[in-house]
Amino acid sequence: MGLWESLDAMWQMPAEERIFGVVLLFSWTVYLWETFLAQRQRRIYKTTTHVPLELGQIMDSETFEKSRLYQLDKSTFSFWSGLYSEIEGTLILLFGGIPYLWRLSGRFCGYAGFGPEYEVLVTIYADYIAPLFDKFTPLPEGKLKQEIEVMAKSIDFPLTKVYVVEGSKRSSHSNAYFYGFFKNKRIVLFDTLLEEYSVLNKDIQEESGMEPHRDGEGDSEEIKAKVKNKKQGCKNEEVLAVLGHELGHWKLGHTVKNIIISQMNSFLCFFLFAVLIGRKELFAAFGFYESQPTLIGLLIIFQFVFSPYNEVLSFCLTVLSRRFEFQADAFAEKLGKAKDLYSALIKLNKDNLGFPVSDWLFSMWHYSHPPLLERLQALKNSKQD
Ligand SMILES: [Zn+2]
């Protein structure tokens with residue numbers, strides 16, 4: 001039977017069987033695609049046995065090898081656990097597991113919806129509530145502040161204040177950000193970004209009674225070693241380069257674009273949900289012939305019907321976000337900060353490198369923020385010009 005005949009046969013089926021078939025087919029397509037990507041990445045773990053040249057100074061071959069073997073183990077495990085859960089999910093669907101579980105758990109089935117809601121709550125907490133309790137201090141007057149003001153002015157960023165926030169305790173994705181509306185914007189720098197500010201570094205300075213200069217003459221070897229081990233953060237030029245990247249996001253309108261996209265997405269989802277929730281064949285496809293419980297409707301629509309849309313959307317957003325990151329790097333580069341951004345990125349990623357090499361297709365599908373190595377390579381190409 002050719003492809004067209006099978007498609008035709010499918011078209012002749014009742015709507016609920018068609019829906020069911022498409023859901024199952026899509027689930028396996030996504031599964032096979034991701035397995036294919038994981039195998040490509042696995043090949044990278046197998047064949048990349050040396051630290052990439054760019055990272056030579058921050059990663060030794062022993063750490064690299066350890067991380068490589070760990071990732072290999074992990075990929076073996078995820079292969080089997082992925083296969084298991086795909087088969088389990090398929091069997092549940094095929095044998096009418098959802099109505100069965102629904103009857104079994106009665107009203108409490110709704111708890112299945114807890115996962116994502118909980119996640120949203122945690123995100124809201126981490127992004128909006130927790131920062132309220134952080135300690136913000138104005139960046140003291142000085143060279144760094146002046147330079148930040150000059151840079152902000154040069155790109156028409158309406159800067160009103162610069163703060164430093166104690167971020168040492170929390171690990172965070174970003175090192176600097178800005179907030180505020182229209183003509184009233186504030187820049188916030190994490191103290192971990194600043195070499196001359198960090199709490200850790202202050203302790204060293206007090207202990208040794210030395211100036212916050214890195215290469216002060218006449219330090220004993222011991223103190224130098226201590227400073228080398230503990231001192232973190234970036235030099236002023238590097239801080240400016242990182243900030244140049246962040247301000248690039250603003251100047252290029254990335255922030256606004258992201259807000260518009262997520263608003264449009266929520267609107268579309270609610271609209272489609274309202275249209276779909278009344279369709280009985282959707283419920284029938286999953287074994288609910290008599291009743292149409294709303295919670296099951298939520299599950300079916302968000303988990304299964306939206307799943308192709310979500311895959312496509314999340315891929316587009318990943319592509320877009322990567323593009324934004326490279327554009328922001330290029331913006332910093334246009335401000336003449338390529339070299340400083342390069343060294344800042346190396347410093348800032350020193351402690352969370354993991355396994356630094358990735359297959360390009362795997363990376364493109366999974367990483368909304370390009371891995372360090374890809375950013376460094378993009379910057380290096382321009383540094384040589
Ligand atoms: Zn960025």
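Backbone N, Cα and C atoms are what each Cβ position is placed from, and that goes for glycine too.
In the three-state DSSP classification, E246 (active site) falls within a helix. Annotated active site per TrEMBL: E246, in sequence order.
D329 (active site, proton donor) falls within a helical segment according to DSSP. The active site, proton donor feature in TrEMBL is assigned to D329.
The Zn(2+) binding site annotation in TrEMBL covers H245, H249, E325.
Using DSSP to sort the residues of the domain 'CAAX prenyl protease 1 N-terminal' (41-107) gives these counts of helix, strand and coil: 55 helix, 0 strand, 12 coil. Among the features that TrEMBL reports, domain 'CAAX prenyl protease 1 N-terminal' is placed at 41-107.
The domain 'Peptidase M48' annotation in TrEMBL covers 139-381.
Residues or ranges marked as transmembrane segment in TrEMBL: 20-38 (among others). Same-chain residues lying 6 or more positions outside the transmembrane segment (20-38) and placing a CB less than 8 Å from one of its CB atoms are 10, 13, 75, 78-79, 82, 86, 89-90, 93-94, 285-286, 304-305, 307-308, 311, 359, 361-362, 365-366.
Tertiary proximity for the transmembrane segment (267-289) is limited to same-chain residues at least six positions away from its ends with a CB under 8 Å from its CB atoms, namely 14-17, 19-20, 23, 93, 96, 98-99, 102, 296-298, 300-302, 304-306. The feature transmembrane segment is assigned by TrEMBL to 267-289 (among others).
Beyond the ends of the transmembrane segment (295-320), by six or more residues, the same chain brings 19, 23, 26-27, 30, 98, 102, 109-110, 112-113, 257, 261, 265, 269, 272-273, 276-277, 282-283, 285-286, 288, 364-368 to within a C-beta distance below 8 angstroms of the stretch. Per TrEMBL, the feature transmembrane segment maps to 295-320 (among others).
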**Cα distance (Å, whole number) from D329 (active site, proton donor) to E246 (active site)** = 9
**Request:** Across all the protein chains here, work out how many other Cβ atoms are within 10 Å of the Cβ of H249 (Zn(2+) binding site).
**Result:** 20
**Asked** When you tally the Cβ atoms that lie within 10 Å of each candidate's Cβ, which of the active-site residues (E246, D329) has the highest tally?
**Response** D329
**Asked** Got a sec? Which of these binding-site residues, H245, E325, has the most Cβ atoms within 10 Å?
**Response** H245
